[in-house]
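According to TrEMBL, the protein has these features:
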REPEAT    121-163  repeat 'WD'
REGION    163-186  region 'Disordered'
COMPBIAS  175-185  compositional bias 'Polar residues'
REPEAT    213-254  repeat 'WD'
REPEAT    255-296  repeat 'WD'
């Protein structure tokens, strides 16, 4: 588990931001597949004619339910609400799925539903890495994380419906009941499922505090609980196995022996025997009654990250960083290499005569292993005796006697999408070039959320050079690929810093000189479904009872924060221009938060129109509803316009000029034509409509006209130069400044008449 910044606004985020961030995740066309490593597996066994279900939790932030039969696995639901990696998931009872995430929360789900989140539990201060539940007591779940915290949750009490008013909840929040590191209320949390509306779910009950098992000073990576829920074991970077009474949170013993991080733990149903797997490559069997290690197994050549045992605790399956799955007889020490994966093994799940293996890849494999009678597997040959010392297997490997896997191919594969491993934002600030884990290079248009070109397996660097454009547009978004796909982050006011002319975006029916704000139009495109449903629900005006956020509410909120600029060039409506229309076949997912309830994630087409400032950042609503943009950096470019040395033409203006950064050089040419004084006037040049000289002190804006008067059809040809380089008429002032001028001082342009044209 690496310390990486989250894709969303987690409570543990170390990056200070005055305003809440708005993120959208670009989903693959085949959204039924994971696009990042699978951190966890959980198997739901059917007791009727219904198929078994496999639940997978991924680093893409989602969980999926797979309906299983002998030869196929079909995705029947996606559980979407976490805003960062899903690290573990357990089944508690007949239909409750509990998951934990690097977003510092636990979430509960009805595992037989279409993906609705039923509760969010907040108490951890850092990534939540592991869970454990009692087989015979489905109400108890334990959680551990990087903050060194271990909590034992009574799910029924934690999710009891809130009875307090919102004012009381706010008071509770200010009194410190919420311990997630920020002033978030612990009740009325707006947890988002992939098909449920944002509503006050029966989330963490006001005042409920889980039982804390205090003692870890460092990160916790593994937990296990016995069948009745009377014994809990934990392990982590302290290299010791700690044993707890989960009913009180009290420590009962500490077991030493491992020399590195403990990554996997198992308890037998009685709670007497414990198995541990460690980054020291060892598996250890502990007798809790004797409070000592009774066996050590040197099977792996690298870290052991996953363990699964037979029901009788006679055999253990193990996997880890060496990408191998071993079967070991705990009594005879006989071991067998069953199969090898192409990626490190993260978790295992036994299923009848087979085993599911999750790895750092987005695919999951089912291997046939004689699970009901593991002793039969040893009849295949190739067994060896597990050593006692961790270097023994590594030494055998170096000597060239590494065992060969006895199973060559998996029985079934649940394919994932290859995750994005490399990306480059192109200079036009609308396209992003990506390379995925299988080497395929694609071009994404982030203002529409789609792949516009699939180049296949080509050189990423060569394609990046081929697509280079000499254009300069302000960086209005940032991107990361932590979730295996593109997460586009919008932060105010930077996200409103980029503008383009409508003609450059090929927007028909709009004056070509109209400026289009890329951030504003992107937000409109993302929230058009929400806005449509909101208007359907509320009518032409927002509800008077205050349940809906009115324009006046947002205005008051925004004015209390900062000075606001109204985008006077844009129409105050919900129309979305084609360059900003997002796909409804594979719609992006939003990750954001408002004034209450913490971060959430949901597809844009699943928003139901009831979401308001409690769910969205106020600046997003102010932009979409009221057509207002926050104060931005100066969008103008100051420059001087001088004749070239020896030129026979001058223009009727002096001093510093100012124009939009996106202004094209051909507009500067037009300006020179309108203002110039020739030794021999062209066709009785009229000065009507020309602009007075602009003194340096005013540094005002110069109107650059797009149309030409009839007399200008006979105009001489004008060239604009910078640093003695003739500029292309299509260049913008910002591009000239960035690529030609390359100085911090005000830009200097020169003009001259081109003879013979």
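Any Cβ shown, glycine's included, is placed from N, Cα and C.
Below 8 angstroms of C-beta separation, residues 1, 129-137, 140, 142-152, 260-271, 274, 276-278, 286, 288, 291 of the same chain, each at least six residues beyond the ends of the repeat 'WD' (213-254), sit close to that stretch. Counting residues 6+ beyond its ends, the repeat 'WD' (255-296) has Cβ neighbours under 8 Å at 135, 221-228, 230-231, 233-237, 239-243, 302-309, 311, 313, 316, 318, 320-321, 328, 330, 333, 386, 388-390, 393-394 in the same chain. According to DSSP, the secondary structure content of the repeat 'WD' (213-254) in residues is 0 helix, 22 strand, 20 coil. Broken down with DSSP, the repeat 'WD' (121-163) shows 4 helix, 23 strand, 16 coil.
For the repeat 'WD' (255-296), DSSP puts the residue distribution at 0 helix, 25 strand, 17 coil.
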